[in-house]
Amino acid sequence: KGKCPEDGWDESTIELFLHELAIMDSNNFLGNCGVGEREGRVASGLVARRHYRLIHGIGRSGDISAVQPKAAGSSLLNKLTNSVVLDIIKLAGVRTVTNCFVVPMATGMSLTLCFLTLRHKRPKAKYIIWPRIDQKSCFKSMITAGFEPVVIENVLEGDELRTDIEAVEAKIKALGAENILCVHSTTSCFAPRVPDRLEELAVICANYDIPHIVNNAYGVQSSKCMHLIQQGARVGRIDAFVQSLDKNFMVPVGGAIIAGFNESFVQEISKMYPGRASASPSLDVLITLLSLGASGYKQLLKERKEMFSYLSSELKKLADNHNERLLDTPHNPISLAMSLKNLDENNDAAVTQLGSMLFTRQVSGARVVPCGSVQTVNNYTFKGFMSHANDYPCAYLNAASAIGIKKQDVDVFLKRLDKCLKTSRKEAKKEKSVNEISNSNTGTERLED
């Protein structure tokens with residue numbers, strides 16, 4: 001049926017299935033005589049076993065989704081993976097999606113592939129409208145494709161950074177719709193930035209006949225992000241949305257899913273990929289989804305949502321204890337932010353030092369964002385880089401509840417963060433008193449002089 005099984009398979013069944021696929025590839029035929037330059041020859045038995053002897057990769061030189069006659073098993077693997085992944089995207093909330101394919105590139109390069117496909121449809125266009133999100137790969141995806149990003153600054157509403165819809169429309173009018181390749185929006189992001197106003201952007205794109213590409217990097221795990229995409233496609237225009245395999249399905253880095261509501265456009269993107277491609281990302285995600293089953297994946301989504309509530313309530317308690325506050329970002333369903341105002345006021349370096357302290361104590365993924373940092377990416381200078389705004393009111397720390405997180409992870413993180421904050425405050429106070437004594441001594445010396 002090409003759908004994810006409701007209940008997961010055991011490992012021996014999955015291995016048997018993969019071996020059955022592998023013996024359909026010509027390089028595994030007994031008596032095969034290969035006289036071409038690519039015949040699935042592998043020097044190392046370890047490498048062959050690591051890939052279940054599925055050596056041919058996927059696609060053909062003209063289309064990553066095409067069937068390769070001498071690799072029937074690998075081609076079947078590719079078709080099945082795309083079909084199972086499509087089923088999971090529907091299950092996660094985008095019910096009207098019509099087509100998708102797994103591409104062996106991470107999110108940034110997959111976005112680039114989408115932009116390059118649009119180039120042929122809009123040869124005059126050179127600008128991409130991009131509501132600002134401080135993440136290098138999505139910015140570089142536009143530069144790599146040869147386009148000029150038009151950065152739309154976010155607006156501050158309470159603690160949240162939200163899409164400036166009026167600025168987007170004003171910029172479209174100023175540049176001319178025919179000169180704009182697309183609007184490049186974002187769903188999953190670090191608080192206090194929240195998902196873009198996808199419905200409003202989709203309506204603008206439909207009204208001005210401008211394509212709309214959504215960076216949904218780790219949004220499959222969030223029912224809210226998926227609902228935004230579904231609603232955007234219902235009321236306006238979304239041409240494609242791109243999501244990472246590792247962030248949503250707990251597989252190694254190196255793959256993404258490009259999906260859309262117009263089957264022919266998604267096929268055009270797959271034909272834009274030059275040459276055949278590695279089957280590893282497809283193999284990894286198929287094994288994972290067969291192992292979990294639809295029920296197993298739904299359970300992971302449920303647990304993630306529960307852990308988000310738990311992390312939110314416990315981080316709020318910790319923030320209160322340190323005279324800080326959990327920033328109010330109700331529109332962000334994955335990431336949370338806690339202010340570091342007191343730490344920042346005592347010592348400029350204390351904020352970044354907190355990040356180092358957490359990392360050396362084996363806390364990964366938490367981001368400490370100081371005020372006023374400046375960074376240049378591809379000749380574009382971002383003020384307040386990492387905070388998604390030129391001058392966000394306070395320094396803060398990020399933590400996220402992503403798929404696979406456990407209660408133990410949250411508890412250990414909070415315990416170590418509490419200790420680090422106490423240490424940081426002590427050191428900041430000590431340094432402040434040393435500075436005060438030093439300043440006082442300097443003043444006495446001046447009087448004596």
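Glycine residues also receive a Cβ, built from the backbone N, Cα and C atoms like all the rest.
A TrEMBL annotation is a machine prediction, not a hand-curated record.
As annotated by TrEMBL, pyridoxal 5'-phosphate binding site applies to ARG38. Annotated substrate binding site per TrEMBL: ARG60, SER61, GLN68, ARG276, in sequence order. The feature N6-(pyridoxal phosphate)lysine is assigned by TrEMBL to LYS247. Annotated compositional bias 'Basic and acidic residues' per TrEMBL: 424-434, in sequence order. Per TrEMBL, the feature compositional bias 'Polar residues' maps to 435-449.
Using the Cβ center of ARG60, SER61, GLN68, ARG276 for substrate, the list of other same-chain residues with Cβ within 8 Å runs, in sequence order, GLY57, ILE58, GLY59, GLY62, ASP63, ALA66, GLY275. For the residue listed as 'N6-(pyridoxal phosphate)lysine', the spatially nearest entry among the binding-site residues ARG38, SER61, ARG276 is ARG276, judged by CA separation. Listed binding-site residues: ARG60, ARG276; maximum Cβ neighbour count within 10 Å falls on ARG276.
With every protein chain in view, the residue among the binding-site residues SER61, GLN68 whose Cβ has the most Cβ partners within 10 Å turns out to be GLN68. Counting only same-chain residues six or more apart in sequence, the Cβ atoms lying under 8 angstroms from the Cβ of ARG38 (pyridoxal 5'-phosphate binding site) belong to HIS56. All chains included, 23 other C-beta atoms sit within 10 angstroms of the C-beta of the residue listed as 'N6-(pyridoxal phosphate)lysine'.
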